[in-house]
Ligand SMILES: Cc1cc2nc3c(=O)[nH]c(=O)nc-3n(C[C@H](O)[C@H](O)[C@H](O)COP(=O)(O)OP(=O)(O)OC[C@H]3O[C@@H](n4cnc5c(N)ncnc54)[C@H](O)[C@@H]3O)c2cc1C
């Protein structure tokens with residue numbers, strides 16, 4: 001089923017955007033910052049923390065990166081002024097990493113400094129492996145100066161064990177996920193889901209047993225069970241971990257975990273540039289195949 005999902009994901013560019021949008025909307029808070037802030041308030045009222053993600057990957061021009069910085073600055077100010085429990089998540093490519101590394105560093109520095117003044121945490125997302133080394137390098141430089149910054153590690157990468165060892169040495173703040181860029185080459189990423197899950201469990205144990213703050217970012221119930229087991233076995237304190245889930249995914253499970261007394265943070269994307277993000281989510285949705293077959297194929301041939 002996963003293979004079929006991936007094949008269909010590769011063909012999604014054939015599906016009219018208006019159709020993808022219908023299904024994609026469940027994963028997005030809205031196109032505007034004010035819609036995202038409203039969702040944040042709703043989630044906070046349920047005692048759920050948030051991280052806001054302004055959608056946009058791979059801008060080609062410096063001015064587009066600066067525009068994204070401005071949106072994030074506004075979001076940070078609003079989070080502070082409205083007393084919301086939210087951080088922000090951002091993509092290095094959106095900050096200009098593919099244009100120029102120093103330009104990206106300057107944007108990140110500017111934003112993280114602004115966030116520190118407003119007591120907001122900044123999480124640097126991890127993109128595909130072509131950006132991994134630079135992302136780690138930028139993070140480690142920024143971490144020397146700022147405490148309000150964290151990074152993401154992807155369990156599907158063969159290099160993850162070595163990278164996590166480095167992060168433990170640096171007392172990093174980590175979000176651990178499986179990894180979303182499924183087209184990575186076999187040379188760099190595991191392709192077998194059993195190995196990815198085993199890698200996830202191993203890395204999670206390393207992080208938790210070495211006192212690194214760990215954002216356990218998965219909707220996989222088996223891994224969530226492994227996490228509970230570890231938290232109990234190691235006596236991990238509440239300040240050292242939280243569960244993280246994506247907006248619109250497994251909300252029932254999220255509630256169950258929260259009702260059992262664990263902290264939860266939800267990743268809330270917003271913005272007009274929703275297509276690439278939504279396609280990644282659609283390919284991970286086990287129900288996508290039946291949806292696309294029943295609604296999509298008909299539409300493809302009628303256009
Ligand atoms: C808070 C957060 C931040 C993330 N940040 C990054 C990042 O910076 N870089 C990166 O590469 N990846 C990131 N990811 C994505 C992650 O790498 C995975 O691609 C994604 O979370 C799916 O993996 P999973 O662990 O939920 O396991 P899966 O095996 O994909 O899913 C487990 C189960 O969850 C349910 N499920 C999962 N996805 C969906 C969906 N879209 N719709 C409906 N049901 C679904 C299904 O029931 C599925 O069987 C992030 C994920 C989270 C939760």
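Going from the start of the chain as shown, residues are counted 1 onward.
Placed from the backbone N, Cα and C atoms, the Cβ positions cover glycine too.
For 37-289, the entry in TrEMBL reads domain 'Proline dehydrogenase'. For the domain 'Proline dehydrogenase' (37-289), the model's pLDDT averages out at 96.
According to TrEMBL, the substrate binding site annotation covers 91, 280, 281. In the three-state DSSP scheme, residue 280 (substrate binding site) is classed as helix.
In the three-state DSSP scheme, residue 179 (FAD binding site) is classed as coil. Feature annotation from TrEMBL assigns FAD binding site to 126, 154, 178, 179, 180, 218, 219.
Residue 126 (FAD binding site) has its Cα within 10 Å of the Cα of these binding-site residues: 91, taken from 91, 280, 281. Taking the C-alpha atom of residue 219 (FAD binding site) as reference, the shortest distance to any of the binding-site residues 91, 280, 281 belongs to 281. Taking the Cα of residue 280 (substrate binding site) as the reference point, the closest of the binding-site residues 178, 179, 180, 218 is 180. Highlighted here are the binding-site residues (91, 178, 179, 218) whose C-beta falls below 6 Å from ligand 1: 178, 179, 218, in sequence order. For residue 281 (substrate binding site), the spatially nearest entry among the binding-site residues 154, 178, 179, 180, 218 is 180, judged by CA separation. Around residue 154 (FAD binding site), the C-beta neighbours below 8 angstroms that are at least 6 residues distant in the chain are 126, 160, 177, 178, 179, 180.
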